[in-house]
Amino acid sequence: MATDPSAGRVAPAGHAPAVSSPERPAALPARLGQVLCLDDFEAAARRHLPRPVFAYVSGGVERNRSLRANAQAFDAWEFVTRVLIDTSRRSTETALLGSTWSAPVGIAPMGLCALSAYRGDLAITQAAARENVPMIMSGSSLIRLEEIVQANPKAWFQAYLPGTEAQIVALIERVKAAGYGTLVLTLDASIASNRENNIRAGFSTPLRPSLRLAWEGLTHPRWLFGTFLKTLARHGMPHFENNHAHRGVPILSKNVLRDFSDRGHLGWQHIRMIRAMWPGQLVIKGILDVRDARAAVETGADGLIISNHGGRQLDSTVSPLRVLPDIVQACPEVPVMIDSGFRRGTDVLKALALGAKFVFVGRPFNYAAAVAGQDGVRKAISLLREEVSRDMAMLGVTSVTDLSTDCLMPADPRTASSSC
Ligand code: GLV
């Protein structure tokens, strides 16, 4: 048997794979050690990044209860495997919103990627394009959204809504003019959450110049020269580029007022307004309550992303995996996607078996971009896709559409272990 992991497909020897696939990502630098799974990228990024930057990416909020619960939620389910099923021609290909992707996995939106990795969003989106998985560009980013869609015409854009109707309309017009086909609206960040961990680690947005920050840079020279100074030399001081139709504040500033609007007053009428002016696919992200899921569908959403923002908004918010089955049942008209805490092929298969159509993963791709750029992200995508493919074989399924609750059993509460 010849394996074609790039296409997520196992082809008999001598047969051309059914999907043209990119070449394998380049080998990663030896200094990273053995990278065998997504968690290995986190360990490498912890060494590579200044503490405030690593803390911003890795942290949750307050006591990190939701962050932990997201990781532990997968332990509530165990697989019931089947045997003697021919899985030699299995495929991880997944159809979603009019495209066929190489895996049921995409890259979640993450702010400030170009602070942890040189031209981070660009490296991530180029890797996503080459591996044929969806990448969602965050509105809280430091590279212009127009550059990203030029590099990857299949990228999606995620907006945090600005505070006034006029600002919302101007931002959506900009995203439309740039040529994006899918717009994601994140609704779970109506106000800034209490990121004490960021303050303790010396992180603020914008970053305040300080002796501590300078020391962190000097003690992480690979990041200082390879990301921060290289960015300054080639592209100037990074600014928040995509929260509005116009450029926002610089990342390093004495004025620490980030130009994020309070969105607490926004309502479904704003989503209806956007639906009326947005011709492409509209995805609503940050949904956990069945009533909100129904409201989103009735407002014209083409898809939902069930999410607690990676445990970064309200601490103790329920893990999305727990509410997934009810939302899937209530919203059969649209694909229900999910993120928050996914790290393993087994995590992905559990969500698909519970009815999710697609899974988004964030932090590990940020770490992979930080330590090894585009090749790192491609390696991370391949690792996860190979896990999904291998796990499908052991489970006894050949297609992601074969997954159902028949593959799962609730874990025995006496033996369920914590994965933290
Ligand atoms: C941005 O989306 C963040 O959670 O920091």
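Cβ coordinates are placed from backbone N, Cα and C, and glycine is handled just like the others.
No curator has checked TrEMBL annotations; they are predicted automatically.
The region 'Disordered' annotation in TrEMBL covers 1-24. The domain 'FMN hydroxy acid dehydrogenase' feature in TrEMBL is assigned to 30-413. Annotation comment: TrEMBL describes Tyr56, Tyr160, Arg195, His309, Arg312 as glyoxylate binding site. The FMN binding site annotation in TrEMBL covers 109-111, Ser138, Gln158, Thr186, Lys285, Ser307, 339-343, 362-363. Annotation source TrEMBL lists active site, proton acceptor at His309.
Ranking the binding-site residues Tyr56, Tyr160 by C-beta neighbours within 10 Å puts Tyr56 at the top. Of the recorded residues, Gly111 (FMN binding site) and Tyr160 (glyoxylate binding site) place their C-alpha atoms 11 Å from one another. Selection of the binding-site residues Tyr56, Gln158, Arg343, Arg363 by a Cβ distance under 6 Å from ligand 1 yields an empty set. Our reading of the glyoxylate binding annotation (Tyr56, Tyr160, Arg195, His309, Arg312) yields a largest Cα to Cα distance of 18 angstrom. Nearest by CA distance to Gln158 (FMN binding site), out of the binding-site residues Tyr56, Arg195, His309, Arg312, is His309. Over all protein chains present, the Cβ of Arg195 (glyoxylate binding site) has 20 other Cβ atoms lying within 10 Å.
In this structure the alpha carbons, written CA, of Tyr56 (glyoxylate binding site) and Arg363 (FMN binding site) are 10 Å apart.
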